[in-house]
Ligand SMILES: [Zn+2]
């Protein structure tokens, strides 16, 4: 139930701020924003024994709640957004999987309206300019080399709402496409790639700044052929996406990435598909059929992992309890870093006065207990 009080003071929680963790901190919410001071008649909510952290920011997400961002109706997309919000993701970029160019352009038009309405933080094109050698759950027949003119066509169709594009920089036109994206203020992400170490360095020098789900859909780290993973981890200009669902990455791989890159260069993403927050069964990922069993999504044909059913609250809990990462590092990776990358850190990504009142309440075991979105409780911590 969404209820917006005029002014609310959240007290008692362990509050994670950019400057550190404050025990028994106070966060004041007024008119959808975080405020600096509270009036005497403010409602007080005691969150003793809980964590209060900023709302989560997901850079890479294909759907949820049974709905696909690549193919669903506007109502479907809104349902998917709502599902992820109820799991703490208050800022979300919709990712489109590979499709026909005309279909993707038309899709960009639909999603761009939701960006303009403030429901989405932007569009991410994952394909079609990716490598057939590392296609994952993308349709091989629809993949193409990254032609800057075609990249431009998708950006135009998105009317300024495209925030990121994943491409394989080693393909013909790759480096020029990276440059074009950066010129247009769009994040060039390296992924679904067969690039060598050297080719990856060249793409980063051209402006690429994100690793799309590091480790997944790229050559493994080798001691003579370190490949893209070493290049992406070592460069200070790159943020690496990690899917922390226990299926995509071994905990040791996650730890390696976290320690090499440092907590300021990691972004936890879901790469979620329709089944996230919904359940097992048969789904579509773009044109391909996907079977979800025990929460693991695989292509019906071939069995490739096809996105995740992860939500970011689960990623947070896993990072805290299985990976045992420091809570303030997790908050960087799940809120602050992706918000900075998207250029929205002035509005979201931390609990500071003037920002949107987007916050998540977690219990002592890091289970989700409350979600505040622009000052309204989507999940009320006082209930249940
Ligand atoms: Zn994806």
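Each residue, glycine too, has its Cβ placed from N, Cα and C.
TrEMBL: automatically predicted annotations, no manual curation.
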In TrEMBL, the substrate site includes 216, 217, 224, 248, 305, 306, 307. Which of 121, 137, 376 does it also list there?
137
Looking at Zn(2+) binding as recorded in TrEMBL, which candidate out of 213, 223 goes with 126, 192?
213
Taking a cut-off of under 6 Å between Cβ and any atom of ligand 1, tell me which of the recorded positions 126, 248, 271, 306 pass.
126, 271
In DSSP terms, helix, strand or coil for residue 305 (substrate binding site)?
strand
List the Cα distance (Å, whole number) between residue 216 (substrate binding site) and residue 126 (Zn(2+) binding site).
13
So how many other Cβ atoms are close to residue 271 (active site, proton donor/acceptor), meaning within 10 Å of its Cβ?
29
